[in-house]
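**Q** Annotations for this protein, taken from TrEMBL, read as follows:
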{"type": "BINDING", "residues": "Asp29, Ala30, Asp31", "note": "FAD binding site"}
{"type": "DOMAIN", "residues": "1-98", "note": "domain 'Cryptochrome/DNA photolyase FAD-binding'"}
Amino acid sequence: HAVACFLTRGDLWISWESGMKVFEELLLDADWSVNAGSWMWLSCSAFFQQFFHCYCPVGFGRRTDPSGDYIRHYIPILKDYPNRYIYEPWNAPLSVQKA
């Protein structure tokens, strides 16, 4: 949800079809109809989702993975960041960013 929202209407304003193609290529269990339907739904292109309901990547991450284990695993440069800044590394003091 967070990826689709960020890509299509949260910040980047890229067509849902671009996200669908990437997911179709990379998902191990990809199903075209489910993938396309989900992307249309989450991008508000299918008229059954409220456009103003956007997922904030920072808030969503904090709620679902408060310690940032996922980020620490896939973005090794952030593995030693304090929990406070793991979802907003740009807000960390320069001393933390340079460490």
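Placement of Cβ uses the backbone N, Cα and C atoms for every residue, glycine included.
Quantities reported herein were computed from a predicted structural model and do not represent experimental measurements.
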**Q** Compute the centroid of the Cβ atoms of Asp29, Ala30, Asp31, then list the same-chain residues not in that set whose Cβ lies within 8 Å of it, in sequence order, for the FAD site.
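**A** Surrounding the site, in chain order, are Glu24, Leu27, Leu28, Trp32, Val34, Asn35.
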**Q** With DSSP as the yardstick, break the domain 'Cryptochrome/DNA photolyase FAD-binding' (1-98) down into helix, strand and coil residue counts.
**A** 59 helix, 0 strand, 39 coil
**Q** Can you name the residues of this chain that are 6 or more positions from Asp31 (FAD binding site) yet have a C-beta less than 8 Å from its C-beta?
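**A** Correct list: empty, so none.
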**Q** Once the chains shown are all counted, how many other Cβ atoms turn up within 10 Å of the Cβ of Ala30 (FAD binding site)?
**A** 12
